[in-house]
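**Student:** To start, I am sharing the structure in question, which I have written as structure tokens.
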């Protein structure tokens, strides 16, 4: 039952038309520790949806849940995370997950935060499991995995258990809420670099501002022609955060040095089917659209952490790593690895 103190905080927030960041943190903090009844959680989420999400709402909720979460033992400098909001209905192969493996093979330190499928046939965890990448590692083993391979996967529920308090309400409401964009913002690695795909381009500037507030040095927020990915089928809108400044621009497949493909060419299946498609790309026998989509997103990763000076150069670098066998060799070395507590040579 919601106590009087929490109810007072909620009531005051609902009466404010333009809350401050501090007020948003204050109203979401009781939610992180289960102090609101479901009906009061629903009131909060529907109020924000009706009023319209503000920077304070999103940043305040993110800060409250990060404060309640469990950070990864290694945080910050040099780390990257990448994920999308989902919800675009495209059901493509796991482009971002495949690209993150290419980036790791090329030296990017990837702390990928994700979950199993929610809005698609295959979530990042589903395809990684099918590829043989170890999941469900405790923090110490995950650190060893990162040190050995430049990649680790962090299951969202293990690091942000407080989100469970809102899940029954989200499911019951059946409508999009602020929490549809929250997942990628709660990265346990508190990374220096982050790429986030968004299904709704109207949120681009806002999300970039939230990344600035959360301390990201560089970030890319992308929306690709109706999808939460860099598009090979049309124009991608990009909001780039770099050293405190946010810029907005557009990219076409031609800008990236890749061919134009149809969105249908990226249609995916379940985790096993998508893993097969990724393996084919890494082996040099994949569908051209799959190859180009993965290279495009990996190219953005190489640009973001400074490996290359432009996304176009990053795409070329990713293409070379795939074609010369570096990525396939990386996967063969690190799939099914144990990362146990015993000393390794």
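Backbone N, Cα and C define each Cβ position, glycine as well.
What Swiss-Prot records for this protein is below:
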- 84, 115: anthranilate 1 binding site (BINDING)
- 84, 87-88, 92, 94-97, 112-120, 124: 5-phospho-alpha-D-ribose 1-diphosphate binding site (BINDING)
- 96, 229: Mg(2+) 1 binding site (BINDING)
- 170: anthranilate 2 binding site (BINDING)
- 228, 229: Mg(2+) 2 binding site (BINDING)
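Each of the listed features needs to be described in terms of its position in the shown structure.
**Tutor:** Counting every protein chain shown, the Cβ of residue 84 (anthranilate 1 binding site) has 26 other Cβ atoms within 10 Å.
In this view, residue 115 (anthranilate 1 binding site) is surrounded by 19 other Cβ atoms within 10 Å of its Cβ, with every protein chain counted.
Sequence-distant neighbours of residue 229 (Mg(2+) 1 binding site) (same chain, 6+ apart, CB under 8 A from its CB) are 84, 90, 92, 95, 96, 197, 222, 293, 297.
The Cβ of residue 170 (anthranilate 2 binding site) has 18 other Cβ atoms within 10 Å, all protein chains considered.
A coil conformation is recorded for residue 228 (Mg(2+) 2 binding site) in the three-state DSSP classification, outside any helix or strand. Taking the Cβ of residue 228 (Mg(2+) 2 binding site) as reference, residues of its chain lying under 8 Å away and at least six apart in sequence are, in sequence order, 84, 85, 86, 87, 88, 197, 198, 199, 222.
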**Student:** If you count other C-beta atoms within 10 angstroms, which of the binding-site residues 92, 96 is the most crowded?
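**Tutor:** Output for this query is 96.
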**Student:** Write out the long-range same-chain contacts of residue 113 (5-phospho-alpha-D-ribose 1-diphosphate binding site), meaning residues 6 or more apart in sequence whose Cβ is under 8 Å from its Cβ.
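**Tutor:** Non-local contacts for residue 113 (5-phospho-alpha-D-ribose 1-diphosphate binding site): 81, 83, 153, 154, 156, 159, 183, 184, 186, 187, 188, 189.
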**Student:** Could you tally the C-beta atoms, other than its own, that fall within 10 angstroms of the C-beta of residue 116 (5-phospho-alpha-D-ribose 1-diphosphate binding site)?
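**Tutor:** I count 15 other Cβ atoms within 10 Å of it.
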**Student:** Measuring Cα to Cα, tell me the gap between residue 170 (anthranilate 2 binding site) and residue 115 (anthranilate 1 binding site) in whole angstrom.
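**Tutor:** So the alpha carbons of residue 170 (anthranilate 2 binding site) and residue 115 (anthranilate 1 binding site) sit roughly 16 Å from each other.
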